[in-house]
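Data block below; observations after.
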Ligand code: SAH
């Protein structure tokens, strides 16, 4: 979110120490006065900037004039409405931006209840008007209260009564500043989950009384949601038949679960999964998306005459409210998986939705994903991405290849390149996994299956996805379904010529022996499957490994959200290589990668 918080008391709080020592020395008193004057100066200089009316295309010389005009001509008093609706600093910012962007009439503004979706939408944290002085003044600047007069008096108080009033006013102001700061901290850590940034803010607090330097807020969302506003990305996803057909297959062949269910589609995009859910008999579907694509989803739902079942709600799932009468849902369906499974960090949002909206015993779809890890010979890809640079028109451009070792490479490798049995390096059961567990460190042991000595250039990572009809975990013996070219699953769900789907023609989920077990639908993004848009994630090795049959590559795979961008991943792979007959102590290799 492009949050511009310039309210001086939010980013430049008073030193909390002062509150604990009311008997301050005279020099500290002077400092207080200096701070006060500085703040007053900020408010004053802002208030004196040209300012546009909230309701008309007229600009006034000062904020006060603009406010006075809006009050006398349109009956709009910001302080009154803020108090009536109990608006916190962020809601006040959203209100101004909403008025500026949507141009409601003053009577529409007067009729607001405080529960309108824009009060919780990040979209309206972005200034609608560049450098809007109304966003930069404090709420108390909107009116001429006695208290403000008390604070604005630059000269020392003349008698005890006015000194007491002034101290009380300052204390109230300090309390408000502390509350705002606490709110702000909570807001930042909830939205961005950034322990680092909170620490930065703490440091900034400590420095603030002397420097008044504001810490810019980081925004990992705007670009992310913008990228989902594009048509192309949705076209790629929908055309990924392994992906879309598997979702369709699960939803449409589990009508017993979907019939009359209340479903939430987290990150609905075009609304495709919601449409499947409605077709499967859902009573009500709430389709949530924070990107502009939500507007397209609304049109799509209407065009398919499903607006009596599907309600598209635009906003981050973390912020939205369900309509009156709805509290919990029976099923959460979401396609949240990113490259290397966790790139994008959308799973955090889905888990948030689970904790807030899924009824006890409800179904998460998918219900489980597993990150798979294997040795990958990757000779061809190595030549293409790295070897290629060493001879370009007879010149050595190898310097271009070095980054390849720092960043994971997303590309397709064939099944023949995999030279060990894959192992599960992270098993994510959506029923109970927590966001904290998404930063992890897992040991692995890969045994070469090569029948001759070869050079292994990389590790490969991919994921398998499972949907169980009950939302329960898969039994250990369950095998992932590998989609092959020409597989009926691709044709059954989306037959050539776009004929409507008929549930009875569907094959059931992947076979599971025994009765009473949940029906399972699954797909793999591994090299053995028809390639998906996720491809595979390749970690090239600076030192290729020499392996023969039985060589053991053992180590630890660490994965965590990047501290620079919470949607990116930092991966660390520590490993040793040991041939079966070798008795020496092997060297430990460590390589760091970014998935970005
Ligand atoms: N369900 C669609 C789109 C999947 S892509 C399909 O299967 O084709 C993921 C979508 O989730 C994107 O459109 C993105 O904007 C949305 N999204 C990601 N995080 C979100 C969040 N926290 N709140 C709401 N929408 C989110």
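Don't overthink the numbers, they just go from 1 along the chain as shown.
From the backbone N, Cα and C atoms, a Cβ is placed for every residue, glycine too.
Annotated region 'Disordered' per TrEMBL: 1-39 (among others), in sequence order.
Annotation source TrEMBL lists compositional bias 'Acidic residues' at 26-39 (among others).
DSSP states for the domain 'Protein arginine N-methyltransferase 3-like C2H2 zinc finger' (83-127), grouped as helix (H, G, I), strand (E, B) and coil, give 30 helix, 0 strand, 15 coil. Per TrEMBL, domain 'Protein arginine N-methyltransferase 3-like C2H2 zinc finger' is recorded for 83-127.
Here TrEMBL flags 134-152 (among others) as compositional bias 'Acidic residues'.
Sequence annotations record features per position, and here TrEMBL assigns region 'Disordered' to 134-163 (among others).
Annotation comment: TrEMBL describes 263-362 as domain 'Methyltransferase'. Per-residue confidence over the domain 'Methyltransferase' (263-362) averages out at a pLDDT of 97.
Sequence annotations record features per position, and here TrEMBL assigns domain 'Protein arginine N-methyltransferase' to 370-471 (among others).
For 521-579 (among others), the entry in TrEMBL reads domain 'Protein arginine N-methyltransferase'.
Here the domain 'Protein arginine N-methyltransferase' (370-471) has, by DSSP, the following mix of helix, strand and coil residues: 26 helix, 46 strand, 30 coil. Broken down with DSSP, the domain 'Protein arginine N-methyltransferase' (521-579) shows 0 helix, 36 strand, 23 coil.
Secondary structure counts, DSSP: the domain 'Methyltransferase' (263-362) has 31 helix, 28 strand, 41 coil.
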